[in-house]
Amino acid sequence: MSIRHRYLNGFEWDGVSSDGFTKPLDSCPTGRHVTRGDIQENQIIEDGEQILYTYDVMWVESPVRWASRWDVYLTEDHMVPAQVHWYSITNSILVVVFLSLLVISILVRSLKRDIAGYNNTAQLSDEELEEQIEESGWKLIHADVFRPPQNHPMLFCAFVGSGCQICIASFVAISFSAVGFLNPARRGSLMTSILVFYMLCGVFAGYMSSRFYKCFRGRQWQLCTLFTAVMFPGLCFCIFIFFNTVLAFFHSSGSVPFLDVLLLVFMWCGISIPLVFLGAFFGYKQQVFTFPTVTSTIARAIPEPTSMLLNPKLAMVAVGMVPFAAAYVELFFIMSSLWMDQFYYVFGFTLVVFLILLITTSEVTVLMCYQQLCAENHRWWWFSFITAGSTGLYTFLYSIVFFQQLNASNMIITHLLYFGYMFLLSFATFLTTGVCGFLTCFVFTRRIFGSIKVD
């Protein structure tokens, strides 16, 4: 239905045809709101007829200040009280404090005793020395603990570089949002900023990847750098192109124009990849990481785990629950804003939870790494990364549960879009938490083996 309007050039709508629909209107009442009582005649709809719509806009001066105009949309008091965020953060902080005390009680006390006892073995008899060695198994693997990973060292370096890039870019973007540089008044500013920060942080990806690849005595440094530059962005781009093509086929407004896709390709090839190579150039110029012990020629056999708790495969899967639990509540709000068209602008909470996530990941990973070293398992490189990165697995599992609450369409494209993008988000979480846990274990392992005297 539509209001009878008087058009320019003497044309008046007859309520049936759509002739003159494109002519400008001249008779909308001004100064008052149009109500249903103003409708004079309903449009007669026939097969193939174009439906005419009308609306009016009233400009009313508001006492709300310009800086506060978004408060009515950004406040969550009508849906979720702010106390929920504070309760979640308080709970997460308590988890961090508990883990910190656990690390201090287990690692610091045990290591101080072990290191002091191991450094005094020269004064012990053979029987006492054998008993002392049996008490602390992690010292037995001093000649193997810094042996490069046997499986896929180049992939490992690419994971480390990509994880550093995502972690630093995420921290910078969240920090800028928390201090107010990114706000809803600039539509798409957050996504644009994340892309820009991610590309600029390619220097860190190339630098970290090259440092560890040089440490592993790799020779295909160009291939390693290129793999680091295209692994995660290439995966994202392939999934994005597939979904964008499908959306364009269905004439969806969510498809990205072709020129914008070309712009992304230009930024990737012209900015991101060169910056990764630039970081790798400086990384290969640095000295090789020095280790406190000498690696033997023959690798030491790894004994079977004496209990189920020492099974490395079980630890890789189970440990990720602790960091995920610390960030679960905030993840719910973030996913609600992504998939339920809700505003999310409490980036101060996000920054705190992000730091808690990294701290929790570091603490639980270094605990599990110490247990594996005590079990004489010197293959800690991949173990520390996968154990810390298992938080991404729980993120994806939670996305499956969250999807059941969306009441989304049963179309296959809906499922593909949701789980495709959630896979990328979970994989990014895997890389971010994985590199955080690995670097913590890397520093920890160098410190403890640098504290003992080895002949």
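Backbone N, Cα and C define each Cβ position, glycine as well.
As annotated by TrEMBL, transmembrane segment applies to 84-108 (among others). Non-local neighbours of the transmembrane segment (84-108) in the same chain are 322, 325-330, 333, 346, 349, 352-353, 356, 359-360, 363-364, 366-367, 370; each lies 6+ residues outside the stretch with a CB under 8 Å from one of its CB atoms.
As annotated by TrEMBL, transmembrane segment applies to 155-182 (among others).
The annotation transmembrane segment is assigned in TrEMBL to 188-209 (among others).
Per TrEMBL, transmembrane segment is recorded for 221-250 (among others). Below 8 angstroms of C-beta separation, residues 154-155, 157-158, 161-162, 165-166, 202, 205-206, 209-210, 213-214, 256, 261, 264-265, 268, 272-273, 276-277, 280, 284, 413, 416-417, 420-421, 423-424, 427-428, 431 of the same chain, each at least six residues beyond the ends of the transmembrane segment (221-250), sit close to that stretch.
As annotated by TrEMBL, transmembrane segment applies to 262-284 (among others).
Annotation source TrEMBL lists transmembrane segment at 314-339 (among others).
Feature annotation from TrEMBL assigns transmembrane segment to 345-368 (among others).
With a threshold of 8 Å between CB atoms, the same-chain residues lying at least 6 positions outside the transmembrane segment (380-401) that come near it are 145, 148-149, 151, 156, 159-160, 312, 315-321, 323-324, 328, 331, 335, 357, 361-362, 364-365, 368-369, 372-373, 418-419, 422-423, 425-431, 433-438, 440-442, 445. Feature annotation from TrEMBL assigns transmembrane segment to 380-401 (among others).
Here TrEMBL flags 421-444 (among others) as transmembrane segment.
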